[in-house]
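Novice: Okay, here's the structure, questions in a sec.
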Amino acid sequence: MFQTIKDWFWLEELWLPPTMKWSDLEDHDGLVFVKPSHLYITVPCAFLLLLIRYFFERFIATPLAKTLGIKKKIPKKIQHNPVLENFFIQSTRQPSQNDLYGLAKKCNQTVQQVEIWFKRRHNQERPCRLKKFQEACWRFTFYLFLTIAGIGFLYDKPWLYDLWEVWNGYPKQPLLPSQYWYYILEMSFYWSLLFSLGSDVKRKDFLAHVIHHLAALSLMSFSWCINYIRSGTLVMLVHDVADIWLESAKMLSYAGWTQTCNTLFFIFAAVFFITRLIIFPFWILYCTLVLPLHYLKPFFSYIFLNVQLLILQVLHLYWGYYVLKILIKYVLKKEIEDVRSDGEEESAEEDEPECLKNGHGRVRNPIPNGQPGH
């Protein structure tokens, strides 16, 4: 049964262009070709990155945060109240005015006392500014590393400058060491982002991030298996370059460097619109959708891969809408506000400047990244 499923899954008609067979992609004469088994190592590498991230946040990000004046705030203690605690856990964390009146009567307290209890109880579950700085610092560092690596891997490759070279000799294009390591680094990082979603700061676009990371991993895996390596590396580079500016803006936002943060956000917005809404749809998608038709007839993998890329572009439009909305608000108000939920503690979302709300996207995206982004 297992062998039957395996044989069906790897049908040559599904993965390869007509007339091509898996035997045509066997290693020979010192040339190495892509194999699905090459990607197995990305999962253990992801756990290694999580370990590296732990030490990075503890010994690099935390001291840096303290240097910038960011300290871990300890939420104010609250008096244990079984009635309010039960309502908080089982009903809602944001009681209505009628709920407050009823709870105040049950607890023999004033409505204001009950309101304060709920605010403080809610603040106990909010991530502190230090944690958000640590996460942004890690993502900034790795995005910067990936961008530098991508440029180093691609600067001397002809398909970076001539998209027709992407398909020259396809699919019998041998795997280069630089392409192998670029994919391993990208996929390992995305796996680590996916694995850490449960412990990272929850944001309003959480679901979009889950979809993005899964789409990125699916795209990179699929492009690897059908030897779309050249176009895949271009997609990854296009996505990584914008995320650096977003994460650096977040870091400085948490440090209170508002003016610098705003400047970096505008740079991010410009890079995002250029790479995700111009270069990606009009160059990359053109390269994957139109140019291959000059070399081969459409086949299943060609269609499936481009459907995934189009879904990714929809995510770009989704994040682009929020980025544009923030820019319009800035133009109208002439300032980017730092909104707080209350004067006592920080909020998981509301304590970020408007310029950073809903702006995160590393679809790395296949794309490989993508946040505004990834």
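First residue shown is number 1, and so on along the chain.
Glycine is no exception: its Cβ is also placed from the backbone N, Cα and C atoms.
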Novice: Ranges 37-56, 257-276: which does TrEMBL label transmembrane segment?
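Specialist: My reading of TrEMBL: the transmembrane segment range is 37-56.
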Novice: Over the span of the domain 'TLC' (131-332), how high is the average pLDDT in this prediction?
Specialist: 91
